[in-house]
Amino acid sequence: LTCFNCPEVYCNRFHTCRNGEKICFKRFNERKLLGKRYTRGCAATCPVAKPREIVECCSTDRCNH
């Protein structure tokens, strides 16, 4: 599995996940409309969203754009 791993809106940097990491995720704060920063990467399970945070998970290559 390969997942994107950069904070910009338009991300083109990705890496190969380690064994056991079968999910790509993208998380961001729903309140920051301008200057939105993302956290992207690989995970074994989908991370839990904090208050006012959105977490999207998927399981195909480079799906966390």
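Just so you know, glycine gets a Cβ as well, placed from its N, Cα and C.
For reference, Swiss-Prot has these:
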{"type": "DISULFID", "residues": "CYS3-CYS24", "note": "disulfide bond"}
{"type": "DISULFID", "residues": "CYS6-CYS11", "note": "disulfide bond"}
{"type": "DISULFID", "residues": "CYS17-CYS42", "note": "disulfide bond"}
{"type": "DISULFID", "residues": "CYS46-CYS57", "note": "disulfide bond"}
{"type": "DISULFID", "residues": "CYS58-CYS63", "note": "disulfide bond"}
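Counting other CB atoms no more than 10 Å from each candidate's CB, the disulfide-bonded residues CYS3, CYS17, CYS58, CYS63 peak at CYS3. Checked against CYS46 (disulfide bond) by C-alpha proximity, the disulfide-bonded residues CYS6, CYS11, CYS17, CYS24, CYS63 yield CYS24 as the nearest. In this structure the alpha carbons, written CA, of CYS6 (disulfide bond) and CYS42 (disulfide bond) are 12 Å apart. Neighbour counts of Cβ atoms within 10 Å were compared for the disulfide-bonded residues CYS6, CYS11, CYS24, CYS42, CYS46, and the top value is held by CYS24.
Geometry remark: CYS11 (disulfide bond) versus CYS17 (disulfide bond), CA distance 17 Å.
Of all the disulfide-bonded residues given, namely CYS3, CYS24, CYS63, those whose Cα is no farther than the 10 Å limit from the Cα of CYS42 (disulfide bond) are CYS3, CYS24.
Note: the Cα of CYS3 (disulfide bond) and the Cα of CYS57 (disulfide bond) are spaced 11 Å from each other. Nearest by CA distance to CYS57 (disulfide bond), out of the disulfide-bonded residues CYS17, CYS24, CYS63, is CYS24.
Reduced to three states, the DSSP call for CYS46 (disulfide bond) is coil. Cβ contacts within 10 Å of CYS57 (disulfide bond), excluding its own Cβ and spanning all protein chains shown: 15.
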